[in-house]
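Chemist: Here's the feature list from Swiss-Prot:
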DOMAIN    15-244  domain 'YjeF N-terminal'
BINDING   75, 76, 77, 78, 79, 149, 150, 151, 152, 153, 154, 155, 181  (6S)-NADPHX binding site
BINDING   76, 145, 184  K(+) binding site
């Protein structure tokens, strides 16, 4: 779906300031925000790419709802880990690739332990990722791009440069890519630069859309754009001029299609 009604956006600077305000005067903890953001990502996946029934035979149980979650080193990656946990509980079969982890961070260690307790497998090399995606019988239904968020500054560095290059160069035969907040590799305010574009099919803007979201919805036909992260109070919404965004939610919705 291409762009329809206009929507307000938050620049990278404003998004950073809003995040800081949420965790100071707003009294939110980082794990609260990450849990709500990751839940919004999972709900978007469920709505746009609902799970198929798992088939059971006498010999094995086949889950056709495989999801590859590409996890970055920061909060965006944490959102992906949370989403993977929810999806596992909703009859998906997530697999994570997490090549660069924060050192000695209890929050991320807990998220990983939660996935391990659910028997969520982890790939450890890019070669494994390529083999999985290039295999005709891989059955990957969706790729979640939770590598870089709104704080990303180019250029893209390893261990993610080769991964993003691979996604961009092979997007024609890959399953749909769902990007969390920003298509990884894009500048939050300016959009895609001269580097490879991963050609995401769906974008989930968190808190409020960033300027690159407008470029995303106009970058091709059938682009899907959702808003998630319903935790902004009216005072903050007014302060940042995003009342119209907050008011798009209806009833108990945690996500809304823009």
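These residue numbers are counts, starting from 1, taken along the chain as shown.
Yeah, the Cβs are placed from backbone N, Cα and C, and that goes for glycine too.
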Chemist: Counting Cβ atoms within 10 Å of each candidate's own Cβ, which of the binding-site residues 77, 154 comes out highest?
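Modeler: When each Cβ's neighbours within 10 Å are tallied, 77 tops the list.
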Chemist: Can you tell me the three-state DSSP label for residue 145 (K(+) binding site)?
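Modeler: The residue in question, residue 145 (K(+) binding site), is strand (DSSP, three-state).
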Chemist: Tell me, by DSSP, whether residue 75 ((6S)-NADPHX binding site) is helix, strand or coil?
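Modeler: The three-state answer is helix.
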Chemist: Where the distance is taken from Cα to Cα, which of the binding-site residues 76, 145, 184 turns out closest to residue 154 ((6S)-NADPHX binding site)?
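Modeler: Minimum Cα distance from residue 154 ((6S)-NADPHX binding site) across 76, 145, 184 lands on 184.
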Chemist: Quick check for the class: what is the C-alpha distance, in angstrom and rounded, between residue 79 ((6S)-NADPHX binding site) and residue 145 (K(+) binding site)?
Modeler: 10
Chemist: Using a Cβ-Cβ cut-off under 8 angstroms and a sequence gap of six or more, which residues of the chain neighbour residue 150 ((6S)-NADPHX binding site)?
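Modeler: Long-range Cβ contacts: 12, 15, 16, 181, 182, 188, 210.
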Chemist: Where residue 184 (K(+) binding site) and residue 152 ((6S)-NADPHX binding site) are concerned, what is their Cα separation in Å, rounded?
Modeler: 8
Chemist: Which residues, in sequence order, are found in the same chain with Cβ within 8 Å of the centroid defined by the Cβ atoms of 76, 145, 184 at the K(+) site, excluding those residues themselves?
Modeler: 70, 72, 77, 80, 146, 147, 148, 149, 179, 180, 181, 182, 183
Chemist: Give the maximum pairwise CA distance in Å, whole number, for the residues 75, 76, 77, 78, 79, 149, 150, 151, 152, 153, 154, 155, 181 listed as binding (6S)-NADPHX.
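Modeler: 22 Å is the greatest Cα spacing among the residues binding (6S)-NADPHX.
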Chemist: To see if you understand the setup: which same-chain residues, six or more apart in sequence, place their Cβ under 8 Å from that of residue 76 (K(+) binding site)?
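Modeler: In sequence order, the residues whose Cβ lies under 8 Å from that of residue 76 (K(+) binding site) (at least 6 apart) are 146, 147, 148, 149, 180, 181, 182.
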Chemist: Going along the chain, which residues six or more apart from residue 152 ((6S)-NADPHX binding site) have their CB under 8 A from its CB?
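Modeler: Within the chain, residue 152 ((6S)-NADPHX binding site) has Cβ neighbours under 8 Å at 182, 184, 185, 186, 187, 188.
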